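Quick notes on the structure that follows.
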Amino acid sequence: MEKMKELCHYLQDPHLVARFQNICGVRGTFTTTGSSKVADRAHSHNNGACHHHVAGEDDRENLSSVGAGEGEIMQTASAKLRRRIGDSNVANNFKGETPSQNGTAVSAAIAGGETVGVGSSPAGPGVRSVSAQDLSRAADCEQSQVGGVLGPPRSSKVKPLRKNSLTGDDGQEFLIDNRFLYYLFTFGTELGNETFYITFFPFITWNVDAFISRRLIMVWVWVMYLGQCTKDVLGWSRPASPPVVKVEVFYNSEYSMPSTHAMSGTAIPFALYFMTYGRWEYPSTLGFILALCWCLLVCSSRIYMGMHSVLDVIAGFLYSVLILCFFLPILDLIDGFNLTCRYAPIIIISLHLGLGLFSFTLDTWSTSRGDTAQILGTGAGIALASHVNYHLGLMPDFTPDQLPLSMPALSPSLVAVVMLRLVVGVLVLLATRAVMKAITIPLVCRVFRVPTDDLRKARQHMEVELPYRYIVYGTVGFNVVFLVPLLFSYMQLS
């Protein structure tokens with residue numbers, strides 16, 4: 001048991017994430033005080049959180065990088081930069097310069113966010129503190145100066161693509177040495193975001209197999225719901241930064257254990273593989289390899305992004321496998337009930353709404369609350385539309401004598417029709433979401449007498465966010481299966 005605890009603490013160590021990022025060419029622009037060995041000894045772990053050593057005045061002369069920091073070249077650059085700042089001519093160059101938010105020097109005692117700099121300057125009065133941005137700029141100069149001739153910098157400085165969805169923080173700049181891995185893992189993490197879901201599931205519904213699509217969405221709803229609720233019950237923090245570089249900050253305010261990206265990145269490809277095996281004709285080995293690559297890409301991308309510890313990702317993978325083992329055998333029973341039972345619409349709506357109410361009472365507000373209501377609303381809308389289609393005879397499933405299905409031969413006309421369906425359908429869904437948001441949010445705020453001066457704060461109220469998300473995305477889900485296919489039939493795109 002003790003060995004298991006030690007293993008879990010090791011897999012939860014943020015330095016493990018930082019080392020993986022460093023290997024993949026991600027380096028932070030933050031620095032810490034004191035030697036790296038002292039900093040390493042000062043880190044203690046508590047559910048994924050790190051407590052950092054606070055250095056005294058004597059430590060501040062020795063700057064070193066932590067985890068995915070700059071290394072020896074940053075130390076050399078920082079020493080040279082201090083000498084340059086000490087010179088009056090160079091000091092005048094800095095006069096009047098306003099450092100950016102990510103470059104502002106912050107004392108080690110109060111730095112709780114992304115940037116850790118030098119709190120006071122040993123150079124004397126009148127000289128400003130050395131910031132992480134200054135050190136990074138100097139390091140880039142050191143790397144690019146070869147024989148006195150300026151050359152191209154070895155690294156690219158970028159920022160997270162999206163702001164934090166709760167705080168609006170846009171994150172700290174970081175350095176990328178390997179742009180291929182950066183784009184690869186960015187694509188991998190997008191496989192678990194809303195943009196992917198709003199295109200992938202409709203694509204399967206409209207162009208491949210509606211039977212597979214609605215069952216795949218059932219699995220996705222339960223996997224994501226259980227994952228989000230487990231996060232809020234455990235309440236584990238994200239990996240600490242530093243030493244971890246936050247390549248992504250959008251979900252940084254949510255809890256960490258387990259990784260729901262890893263859960264969806266496991267459940268979707270493997271459920272798709274098992275559902276299509278025997279129903280569609282394709283090489284089974286190829287299908288399994290593709291599912292495995294999909295899973296590995298999404299899981300590893302969460303470590304690369306600095307959003308999850310290795311333990312979070314492993315737990316998400318195993319949790320998803322457990323849910324698949326339970327749900328895949330009973331999908332026929334659930335799907336048959338949703339399609340044929342006369343009371344299915346009432347039960348579908350009330351069950352998904354009840355699960356949303358339960359999840360909203362677990363903890364204080366976080367972005368996972370809205371995501372959970374959004375997922376449940378989508379699942380309810382699709383299940384309800386499938387029930388309506390079944391009784392109206394729309395989008396009938398393939399009969400047993402039509403199985404197994406084979407992929408049609410690719411042709412320019414087929415590709416054009418598929419792309420036209422996707423573009424038209426997604427535009428309808430985006431318009432539906434925009435219109436429903438514009439109508440629902442003010443209406444719900446008025447019903448529950450919530451001020452609308454600040455919509456960000458207004459949407460944090462449970463009585464606003466739950467119905468607003470549920471109604472908006474329930475309508476979007478309903479249109480995926482009912483309205484858009486009906487539109488395709490009128491446009492002769494079926």
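First residue shown is number 1, and so on along the chain.
Even glycines carry a Cβ here, placed using N, Cα and C.
Computed from a predicted structure; not experimentally measured.
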Stated TrEMBL location of transmembrane segment, expressed as one of 263-282, 343-362: 343-362
Stretch in 311-331, 343-362, 374-392, 470-491 most in contact with the transmembrane segment (286-304), if contact is a CB pair under 8 A: 311-331
Segment-segment contact (the transmembrane segment (343-362); the transmembrane segment (374-392)) at 3 or more Cβ pairs under 8 Å: yes
Helix, strand and coil residues within the domain 'Phosphatidic acid phosphatase type 2/haloperoxidase' (215-328) as assigned by DSSP: 77 helix, 3 strand, 34 coil
Contacting positions for the transmembrane segment (412-431) when only residues 6+ beyond its ends and CB under 8 Å are counted: 198-199, 202-203, 206-207, 476, 479-480, 483-484, 487-488, 491, 493
Contacting positions for the transmembrane segment (470-491) when only residues 6+ beyond its ends and CB under 8 Å are counted: 198, 201-202, 205-206, 210, 214, 352-353, 356, 373-382, 384-386, 388-389, 394-395, 421, 424-425, 428-429, 432-433, 436-437, 440
